[in-house]
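Report on the structure given below.
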Amino acid sequence: MANEFINFEKISRKTWQHLHQESQPPLNENELNSIKSLNDRISIKDVTDIYLPLISLIQIYKKSQENLSFSKSIFLQKNISNRPFIIGVSGSVAVGKSTTSRLLQLLLARTFKDSSVELMTTDGFLYPNAVLSSRHMLNKKGFPESYDMERLLDFLDTIKNGQSAEIPVYSHEIYDIVPNKSQIIEVPDFLIIEGINVFQNPQNNRLYMSDFFDFSIYIDADSDYIENWYLERFATLLDLAKNDKQNYYNRFLKLGEKGALDFARDIWKDINLVNLEKYIEPTRSRAELILHKTKNHKIDEIYLKK
């Protein structure tokens, strides 16, 4: 990390863990395992060392947002409707965004006991495979142009103005938008938005998704580690698809284990790595906080915007 992070405070794991008064984490091992992604690694110690201090920090930002909103209402001499505190979570494919997002949802719900906490992913705003195919963009799935960004920005504007909204649902099992299915997002107190593209907007250079965020997190790691995690996840998904002909990953079983992993390695190199280096990683300095991972998904450093 070079001059890109001149505006960040670098904090070691050891220092970070002491920024929160030691207490019992509000979940047990079974609950933690139930929210953990396929090949992610996270422990109760990680919750105590990393995520409880993070929740304390989010409390500070939440209080600041409430104070600012109240002061604005006085200045403008009008009531401002309740708006959700929006948290963006970004990072590469297979870096552990889903685990972090689900853990944040659980911890926030148990810290702010009278608050509602919703979680959504930007996958639902991918164009359906049929649309991508008609535009010869299937091999660009996950790249900025494969998302309906205008629809996503409209959704954020609706939510930020205190109104409920309906969003499409994406399934990793069928690798496509689920037809005739949607998720209703009411007006929560907290909304966590997870996606590789949450700091990007290729269609409107004047407006970024991050303009709607009250707090944002980027999960960072060396690309060699992420490649290994991606291949581990692919192998696990293959195994889970063995008895399910409808599962998207079932089709790769005919390649054999080595052939399937060679295919996954090519997908990583030709698509996911290119997307990471060209579009995802360059946006990380837009985050308020960067969680840096090393081997085995261990968070060793935290970068907090000054």
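Quick reminder: no glycine exception, Cβ is built from N, Cα and C everywhere.
Annotation note: SER98 (ATP binding site) sits in a helical segment as assigned by DSSP. Contacts of SER98 (ATP binding site) defined by a Cβ separation under 8 A and a same-chain sequence distance of 6+ are given as SER37, ASP40, THR121, GLU194, in order along the sequence. The ATP binding site feature in Swiss-Prot is assigned to GLY91, SER92, VAL93, ALA94, VAL95, GLY96, LYS97, SER98.
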**Study point:** Non-site residues, in chain order, whose CB comes within 8 A of the mean position of the CB atoms of GLY91, SER92, VAL93, ALA94, VAL95, GLY96, LYS97, SER98 at ATP
**Key:** ILE196, ILE219, ILE226, TRP229
